Every structure is written in structure tokens, then in C-alpha cells.
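Okay, so here's the structure we're looking at.
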């Protein structure tokens, strides 16, 4: 169990590292589609693992598989590990990292570890992760098992549906990455989370109903999987990379993803099992998918648009927004220590009409 936990933490950090590197290497205008390759890489891994296990089931008996055959895929992964180590040893630092290191500007002191929990960007990223990771755990893990073990479906139905959905993901994922380069990160996030909320109940009602043909059930599962899981995964890495400043991008991205993933996908299937047993229905699954998607939607609505943000900026995106206050709050020069009486007087002598209901403090600096 300890080794499995370590493996999970390492795998999660790998995705954040890959997302950071691709985002910092990609040119503006193409970051979305290039960073979506991380999601396609995960998709490749899922399909490859499924294919290997299918091959093992085909050539070995059940007794042979349980006795020693199950070790073969894990031992074969040594080849992938050697390639991964070689790749990292020959990988250069990203242009953004080198630009910040080579600049003449004074390097910002590392923020205390606990400061990330005071960052608005950190919690927005965690909320975005809730929608994708929670839905992934419910649909790919719990729902597939629920159909086979509780509703006694043929196990080929959810397995084949998820495999086909992953194959279709090679179109869904780059398309959404490309779309985010055209219209921004927020709108696709809002669309995909809203789609998951709207489709969860009708799709689940089809998936659990044996009166429908297996092909219809599989289509419904493919639709909800692409909307609620793969579509959000396509947007996740580039959005989070652009939300954080260069001085803490990797750390905060990895931790926000792991916290969101641990809570949502770790406890989600357990809670779904408890609620489904208590209610003897599939309703809790649909409700939880909708709840996770609502959290993702609220986070998307609250986040600033980060498309093509300067990745060499030190501050996180939400903390780097201009501070806007009502004009009525600027009643005295003591309002803020950083605004002198001279700035205060000059600013109001220029705006004698007081026609602006909201004033940006940055104007007080003459910037």
C-alpha cells in the first residue's frame, strides 16, 4: 500500500511537470493544443495498459495469470522507466525558466509553503480539478464496477465503452485545446462543466436501464465520459500552468491537482458506494457528477481569463489582477500608505467631474 501511494504521488507530479514544461515551451497562440498532448499521453497509457492486459488474458489461463502472469506488465514497465530517465537527463530547461534566471531583475524570495493556501489562484485550481478528477473516479471506476457487480451487466459493455471513448479522446482533447487557443480557457471550461451538469441525469438514466440496446448504453457512457472527464482534462494542464506565477508554478500546480484529486476521486467512489447502497438506486452517482461539475463551473466563473498570459510573471493570475475600488472609498490620503497626498490631489484635480463610479488604484501611481 505504501508503494502504491508513492507511485500515485509520483504519477500526479509527473503530469504537473509535463504540463508546466509544455506550457513554457509552447508559443503564444498554441499553448492550448500543445499542452493537450499531456492528456493524450495519459490516454495512450490507459489504452496501452488495457491492450496489454487483454493480451495477457488471451494467452494465459486464469490460474497462470494469478500465479505469475500479473507480474509481466509491471516488469515490462522497466523499459518505459529507462526511456523516461534518459529523456529527463537530456531535457533542457524551458525558455521561460531560463529567461527568468538570466534576467537582471532581483529574484523574488521563495514564498513560505503555507502561503499557497492563502492564494485565490490555488483554490480556484483545486476547484477546477474537483470537476475533472471527481467525475473521472465516478465514471471510469465506480460506475463501471456498479454496472457489472450491482446491475449484473456484461462487463464488456462498460469496458468497451470506455476504450472507445478513450480512442475518441484523441479527437476531443486536441480540439478543445485548439478551441481554448481561440476563445480562451474560461469559456470551454464553462461549456464542458455545464454540459456535464445537464447531461448527467439523462445519460445515467440510459446507462443503468437494461431495456436499452447495449450500443445505446455505450453511446451514453461515451458522451458523459468525454464531456465530464476527457474534455476537462484537455483544458486542465494549460489553464493551471497559466494561473500560477513562474516562481511557484510547478509546486502549486502539483499540490492543487493532488489535493483536488485526492479528495474528489479518492473519497468519491467510496461515498457513491455508501449512498447507492443506502438508497438502492443510481441517483447518487448522477447527483455527485452534477455536484463535482458545479464546483468546477463556479471555479471557472470566478477565475480570470489566463489565455496567453505572460508565463514569466512572478505573481499568480488571480493575485495579479488590478485592484478596483469605489471612488467613494478614497476619502483621505491615509486610505493606503502607498498613495501619497500629491497623487491623491493630482488624480482628483484631473477627474473633477467625478464621473467614474469605479477607480483603479493603479491610476494613482501614474502607471
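The backbone N, Cα and C atoms fix where each Cβ goes, and this holds for glycine too.
According to TrEMBL:
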DOMAIN    1-308  domain 'Major facilitator superfamily (MFS) profile'
TRANSMEM  33-60  transmembrane segment
TRANSMEM  72-89  transmembrane segment
TRANSMEM  161-180  transmembrane segment
TRANSMEM  187-208  transmembrane segment
TRANSMEM  214-235  transmembrane segment
TRANSMEM  255-275  transmembrane segment
TRANSMEM  281-301  transmembrane segment
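Sequence-distant contacts of the transmembrane segment (72-89) (same chain, six or more residues past either end, CB-CB distance under 8 Å): 49, 52-53, 56. At the 8 Å Cβ threshold, with sequence separation of at least 6, the transmembrane segment (33-60) lacks contact with the transmembrane segment (255-275), having fewer than 3 such pairs. Most Cβ pairs under 8 A with the transmembrane segment (281-301) among the ranges 187-208, 214-235, 255-275 are made by 187-208. The largest share of C-beta pairs under 8 angstroms with the transmembrane segment (161-180) comes from 214-235, of the ranges 187-208, 214-235, 255-275.
Within the model, the domain 'Major facilitator superfamily (MFS) profile' (1-308) carries an average pLDDT of 91.
Panel annotation: around the transmembrane segment (214-235), residues 32, 36, 39, 42-43, 128, 131-132, 135-136, 139-140, 143, 153-154, 157-158, 160-162, 164-166, 168-169, 172-177, 180, 185, 188-189, 192-193, 195-196, 199-200, 203-204, 206-207, 289, 293, 296 of the same chain, lying at least six beyond its termini, place a Cβ under 8 Å from a Cβ of the stretch.
Remote same-chain partners of the transmembrane segment (255-275), defined as residues 6 or more beyond its termini with a Cβ less than 8 Å from a stretch Cβ, comprise 9, 12-13, 15-16, 116, 122-123, 125-130, 133-134, 136-138, 141-142, 146, 236, 240, 284-285, 288, 292. Using a Cβ-Cβ cut-off under 8 Å and counting only residues 6 or more beyond its ends in the same chain, the transmembrane segment (187-208) has close neighbours at 128, 131, 135, 143, 147, 151, 176, 179-180, 216-217, 220-221, 223-224, 227-228, 231-232, 235, 239, 282, 285-286, 289-290, 293-294, 296-297, 300-301, 303.
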